[in-house]
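Data block below; observations after.
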Amino acid sequence: MSKTFLRPKVSSTKVTDWVDPSFDDFLECSGVSTITATSLGVNNSSHRRKNGPSTLESSRFPARKRGNLSSLEQIYGLENSKEYLSENEPWVDKYKPETQHELAVHKKKIEEVETWLKAQVLERQPKQGGSILLITGPPGCGKTTTLKILSKEHGIQVQEWINPVLPDFQKDDFKGMFNTESSFHMFPYQSQIAVFKEFLLRATKYNKLQMLGDDLRTDKKIILVEDLPNQFYRDSHTLHEVLRKYVRIGRCPLIFIISDSLSGDNNQRLLFPKEIQEECSISNISFNPVAPTIMMKFLNRIVTIEANKNGGKITVPDKTSLELLCQGCSGDIRSAINSLQFSSSKGENNLRPRKKGMSLKSDAVLSKSKRRKKPDRVFENQEVQAIGGKDVSLFLFRALGKILYCKRASLTELDSPRLPSHLSEYERDTLLVEPEEVVEMSHMPGDLFNLYLHQNYIDFFMEIDDIVRASEFLSFADILSGDWNTRSLLREYSTSIATRGVMHSNKARGYAHCQGGGSSFRPLHKPQWFLINKKYRENCLAAKALFPDFCLPALCLQTQLLPYLALLTIPMRNQAQISFIQDIGRLPLKRHFGRLKMEALTDREHGMIDPDSGDEAQLNGGHSAEESLGEPTQATVPETWSLPLSQNSASELPASQPQPFSAQGDMEENIIIEDYESDGT
């Protein structure tokens, strides 16, 4: 039997693997041939997935004896390779969920996805258009696994889009293109967008091809897109056109899965803005990070099974180490499983073998009796945390809450020395968090974090003197970051002064036993500075457009010239100029000004630029996002204008400014000249 006979049994890695493991180099270092390892991995995974029970139970099955091996297996040494693969198989694949009960996802989220699948797939109307679902959430929270398990249980086919790999451009192909003796041959190329459109058309029109082991007794199917073509991130309008067309001609549901990112790249807002979601009726289901309690149960189950099977070959972590792993993975269960396997697979010299027949509970008692000193124990926990290796991130809502609520730990006289009596008013308990670390984990620039802090700090104070002191710290922090020449150097110092100053100024929260009148929830809001700064930039553009004859900067034009023009009785025929002067040059006669409308800050906000709320100029030096990218801004130009050159410059007016409504009849009116009568006549 030749090796080619085994090749049709090898399926795609995308289908068999739950996730690309981080331990592929284990198999590369082995002496097993490629065809042997591949065929074994596919056969074992397919048998465990389809015909066997759950993963945790199937891992207890013993291997076959040597006498039952075929001649082909003995030739290629499959006995040793099976033992090697069973010992070094990535745990993220070995313990992947197979049923709903094994999912580390909240039951309400599973029911929400299942309800959508039943309504859009199982109860779908014949002439119903294409429905679209957007699933978001942090990496490793079970988005794709939940969808595939529910689809498998309900008998729904999943046709998944995978970005095609372009063929390599060989040197001979390059020579053949420019060979004068032969005909000109272009290198065959097709854009990913064209391939993606063709895939959607074929997937919604034809059924899935029946592969080895597939069950196609049902015609219910969904299209899954998790890895979008890269061109859509540059030109999102092309994706929007594809979505609009699919809603009209689609025959099966289309599901997109996008992972959240706290590093500043908000792909959901770029690819699926609010307008497109409302226009195409896109449903949105957001997953939360895996809860520490659920993750702890999942890791304990893996540790128990591995300890019973390979107790002498792995290092069994204790409860403290597992809790440290759960804290360091930030709700990513894949990262936690990989870290658990990596931390347990240490060298033979560091292994602590157990005696035969010793249970895991007795081994834990033995480890407690032989526990080392505290500094060594702390170093071991730090080693496990370093193995986890994932940066801990905070949403903006939680980061602001840690600063504004400023929880503290009570100290005794033995813990730290007290301040002298003349400095007793500055005495505070130790903070539970480091403000600099909180800002760093929020993945936000320091000056932007100060804006959110300035907007919300007043509601957390009880004394006016404390508010005055906190405002002084914020003012000093703004001075440090005000100069653009030194902003990059002093930004971290400015944020440190602002955060620590606000926390220190709040005397009502200066001690652990008094938390500012209780720890009741207070809503947070986005800074009003965004709306005010947007209005200021629009007024500058309008002033330059309406008064081009005055060669003055926008600031001087609005503070020195326009207020005086509002007091003069110079007639003007341009209604836009009149409205603008009345808006800028005259203040309303109000004793009490109402607060601007505030936009609430949700618990999943990233604090990044939001074009719908006027945040696009927050960090671009007063320019909009389009101007910073070099894109021209569009303006509303009325078609009925026929003004002189001195007044016909409103083509750059923003849409929020009043536009002139003069018609052709108004332009033919005579100019009214008012005579000045002196007191002596």
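The backbone N, Cα and C atoms fix where each Cβ goes, glycine too.
Because the structure is a prediction, the values reported are computed rather than measured.
Database features, via Swiss-Prot:
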MOTIF     17-25  motif 'RAD1-binding motif'
REGION    42-61  region 'Disordered'
MOD_RES   Thr55  phosphothreonine
MOD_RES   Ser71  phosphoserine
MOD_RES   Ser86  phosphoserine
BINDING   Gly137, Pro138, Pro139, Gly140, Cys141, Gly142, Lys143, Thr144  ATP binding site
REGION    344-377  region 'Disordered'
MOD_RES   Ser359  phosphoserine
REGION    432-681  region 'Interaction with MCM7'
REGION    606-681  region 'Disordered'
COMPBIAS  631-662  compositional bias 'Polar residues'
MOD_RES   Thr633  phosphothreonine
MOD_RES   Ser646  phosphoserine
MOD_RES   Ser656  phosphoserine
COMPBIAS  666-681  compositional bias 'Acidic residues'
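Within the same chain, residues at least six positions away from Gly142 (ATP binding site) with a Cβ under 8 Å of its Cβ are Pro97, Leu103, Ala104, Val105, Phe287, Val290, Ile333.
Taking the mean position of the Cβ atoms of Gly137, Pro138, Pro139, Gly140, Cys141, Gly142, Lys143, Thr144 as the ATP site, the remaining same-chain residues with a Cβ inside 8 Å of that point are Ser259, Phe287, Pro289, Asp332. Along the region 'Interaction with MCM7' (432-681), the predicted structure has mean pLDDT 71. Counting only same-chain residues at least 6 apart in sequence, those with a Cβ under 8 Å from the Cβ of Cys141 (ATP binding site) are Val105, Phe287, Asn288, Pro289, Val290, Gly331, Asp332, Ile333.
Around Thr144 (ATP binding site), the same-chain residues six or more apart in sequence whose CB sits under 8 Å from its CB are Leu224, Glu226, Ile257, listed in sequence order. In the three-state DSSP assignment, the secondary structure recorded for Lys143 (ATP binding site) is helix.
In this view, the densest Cβ surroundings among the binding-site residues Gly137, Pro138 belong to Gly137, judged by other Cβ atoms lying within 10 Å.
Sorted by the number of other CB atoms within 10 A, the binding-site residues Pro139, Gly140 start with Pro139, the lowest. Taken residue by residue with DSSP, Pro138 (ATP binding site) is part of neither helix nor strand, so it is coil.
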